[in-house]
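Comments concern the structure below.
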């Protein structure tokens, strides 16, 4: 089941989320916005199982990576039945 994965620009490029993902949804891509010169990217969200291990692994205080489960996205859009 695909979930929405959002990467925020608060990412510090540490790769913790990439290593924590059991389904390889995340990868690092070049980015000049942080010291590490890389940022997490989520090119394979269709493989996301919603375990949120990437969120747990994120060392920043403001969660640079967030997983929105399918029902959370639907509810926030006012489409829940």
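Keep in mind that glycine also has a Cβ here, set from the backbone N, Cα and C atoms.
The structure displayed is predicted, hence computed values, not measured ones.
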Have a look through 21, 34 and flag the one Swiss-Prot assigns to the [4Fe-4S] cluster 2 site that 48, 51, 54 belong to.
21
Those residues of the chain, 6+ apart, with a Cβ under 8 Å from that of residue 58 ([4Fe-4S] cluster 1 binding site):
16, 17, 64, 65
Could you count the residues of the domain '4Fe-4S ferredoxin-type 2' (39-68) that DSSP puts in helix, in strand and in coil?
8 helix, 7 strand, 15 coil
Drop a 10 Å sphere on every Cβ of the binding-site residues 17, 48, 54 and tell me which sphere holds the fewest other Cβ atoms.
48
Model confidence over the domain '4Fe-4S ferredoxin-type 1' (2-31) (mean pLDDT, whole number):
92
